[in-house]
DNA sequence: GCCGTTTTCGGCCCGACTGTTTTCAGTCG
């Protein structure tokens, strides 16, 4: 083991992206820059620790990582830094990378501003514009100054590109808008495309692709929707708008005979499309959003459906959730993916006994209304400290209440559980005798994130009564990164001990994420999909968990709570 | 910088828009 802490895959990917940015500013050929970005993506998508793979001499197994990058990664793992990156950082001002994020300003022109005017960041750029020194540069003009100044004003202090929005908020707008457009008399097909259709964790904007008898009427209806705050661009082919919520929305109205091409193109991902096009070129086909050009015939073919687009390329129709260039183009047959209706139970939720908003009975009734066969009530344990900590005595009362509700309600099985806090030493809050009275035990890290979460989670897996690790990495989108968990080690411990790992359905968590859930499944670990609901309406949060599971290529059999409770209880490690 | 059912060298997806241009480079998605 190395003495220093290994950098995470996300941290390594960030360094390679930075290398790409800096080489680009130095004028490197685009394909060299692209090579760094491709490698960064491959490392982000890698299920295992790339630092560990580097040490084992296996890092070139990743697509896009060759000899040169292996050397750089080896240096990083052994010394904690990449010499080439350190040199570049000393040569290229950090502010130069920052101004390339301004719309309309890329690496080439940023470099020119630096070399000719000494511009090294946003402040220097503003000064140069105000002194009208930019307009005299070749390739720049008065219009450039105007637009760059506007971009600087719009960016304010944070020149940081557009913010991403978590999917639940974006879809609330996107699904409502699609429903409105579908209800319009002149609309024919209306589909959400982009990363929202792929059910990504978060999205930058929304893309809607439509066909209509009267395109202008549909575009007018779009512009007039209550959900739209302003229209920034509008024409016969579509419109670009900002929703009341602040998210950007692009509507494209297209001819019916190329709806399939457009929908496929705008669903992405970019990496998926690039991979498709590269493979197509080898077969003499050129794919664009408008059609597929066949070298042999010189004809461009348009398709009304995505199924036809994929079929023309010799591929099965690939579900949007899989379109990330993570091996889906090698599929001859698409695996059956889990669906919402496959879930039979929900094994993680809270009531007023801890920090929930509803009673045991209300939660059970709401779950029954959603069609679930069983639920586990899993309030926080004694040391969680939300003010409503469930003491051992209180837990005994709660168990009795759950049993009473279970007896009383027909059509749903209500299980007594707990979300037990994993202490800094890996111990649990309740003694084993009390824990043994429970039907279901979720163990989670809620405190002291810097105190060796890996060792604590491994210890929890080794506890004979723990069924599942809740939200294993602790990430919260828009709020905080995952704590420093060695996911490889957690998966190995779960496999060894027969512990399940959770895909938490809270839209801010979705934890495990798609990459790690896929790694867990591939290792042979069973997953659960839970709502972590704190009120009846949040039981529907399992949809985000199902989305993550689909993005992880999971089928129903890979998820423990697609089974009837009587079958699942026999899979608990305590029952075996 | 990566990679190989035409290649260990010479390629590496596709098209639109913009502003500064007499035919295009840079930027973006």
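Glycine residues also receive a Cβ, built from the backbone N, Cα and C atoms like all the rest.
Copied from TrEMBL, the annotated features are:
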| type | residues | note |
| --- | --- | --- |
| DOMAIN | A:7-324 | domain 'DNA-directed DNA polymerase X' |
| DOMAIN | A:57-76 | domain 'Helix-hairpin-helix DNA-binding motif class 1' |
| DOMAIN | A:97-116 | domain 'Helix-hairpin-helix DNA-binding motif class 1' |
| DOMAIN | A:132-151 | domain 'Helix-hairpin-helix DNA-binding motif class 1' |
| DOMAIN | A:345-424 | domain 'Polymerase/histidinol phosphatase N-terminal' |
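Only residues 6 or more beyond the boundaries of the domain 'Helix-hairpin-helix DNA-binding motif class 1' (A:97-116), in the same chain, are considered here, and those with a CB under 8 A from a CB of the stretch are 18, 21-22, 24-27, 122, 125, 128, 134, 137-140, 144, 147-148, 151-152, 155, 159-161.
Residues 102-105, 109, 112-113, 116-117, 125-126 of the same chain, all 6+ positions outside the domain 'Helix-hairpin-helix DNA-binding motif class 1' (A:132-151), place their C-beta atoms under 8 angstroms from a C-beta of that stretch. Confidence annotation: the domain 'Helix-hairpin-helix DNA-binding motif class 1' (A:57-76) carries a mean pLDDT of 96 in the model. Summarised by DSSP class, the composition of the domain 'Polymerase/histidinol phosphatase N-terminal' (A:345-424) is 27 helix, 18 strand, 35 coil.
DSSP labels the residues of the domain 'Helix-hairpin-helix DNA-binding motif class 1' (A:57-76) in these numbers: 13 helix, 0 strand, 7 coil.
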